[in-house]
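K.L.:
The following block contains the structure, expressed as structure tokens.
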């Protein structure tokens, strides 16, 4: 069996185009364009690339894009003060603070300071809690993007055995909640999991997010499984690969996401979706 490729680039472009149409309709009706503030602290090269792609996507869909590039020496108090200012700014619908933050700044404190109605990354306890209670509003970007991919490929998830490899706050944990909402029987594995291979071999739908190149061998994949590879790993030779041995897995799976070009583009597209949603669901009411 040769797997069908789940093309994240194409779906992400569709999502962005749909948002652009809605933004154009808003402005034509005399409403303001949604606004996103992107905050980068320090000069981490990978973070600069991610932030650049987010800002570019904002401009493409017609958002107001605000950039705040702060020096490595920025204190936690200074960053919190900026967030307070942005929380009160009526032009801004979404606030994104690029992680990781420099040493000495508490990630949790910073993310919790963002107003839940401007938390377009979906990391605030309020938004995570709503997802857990089956009443999601702003949802974490990567898990929501993965659900969008499955939906756009008309993959019926109800009743599937879904296995999530990795239990991070950004992907693994919220992904497990999304999969429960999607009707899956869901297992989350982590560094203490025994018999990992057995779990993988049982998966109808496998989501891998550990950040280790080739962590899951292709021969572990169940015949006909759907494989979603969240990993983005750059090898010494410059090649970018996922957490799954792609060629071997693709020979057994029914669907698979490539790396690059699978999940990555969806994370940015979902951030754009979330910003429009925050504008429409939370901030339009205040304008009325």
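Positions of Cβ are set from backbone N, Cα and C atoms, glycine also.
Okay, so Swiss-Prot annotates it like this:
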BINDING   166, 167, 168, 232  NADP(+) binding site
K.L.:
Which residues of the same chain, at least 6 positions away in sequence, have a Cβ lying under 8 Å from the Cβ of residue 166 (NADP(+) binding site)?
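P.N.:
When sequence neighbours closer than 6 are ignored, residue 166 (NADP(+) binding site) has 172, 189, 190, 208, 209, 210, 211, 230 within Cβ distance under 8 Å.
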K.L.:
Using a Cβ-Cβ cut-off under 8 angstroms and a sequence gap of six or more, which residues of the chain neighbour residue 232 (NADP(+) binding site)?
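P.N.:
When sequence neighbours closer than 6 are ignored, residue 232 (NADP(+) binding site) has 211, 240, 242, 259, 260, 264 within Cβ distance under 8 Å.
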K.L.:
Who sits close to residue 168 (NADP(+) binding site): which same-chain residues at least 6 apart have their Cβ under 8 Å from its Cβ?
P.N.:
209
K.L.:
Using the residues the record lists for NADP(+) (166, 167, 168, 232), what whole-number Å value is the largest Cα to Cα distance?
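P.N.:
Greatest Cα-Cα span of the listed binding residues: 16 Å.
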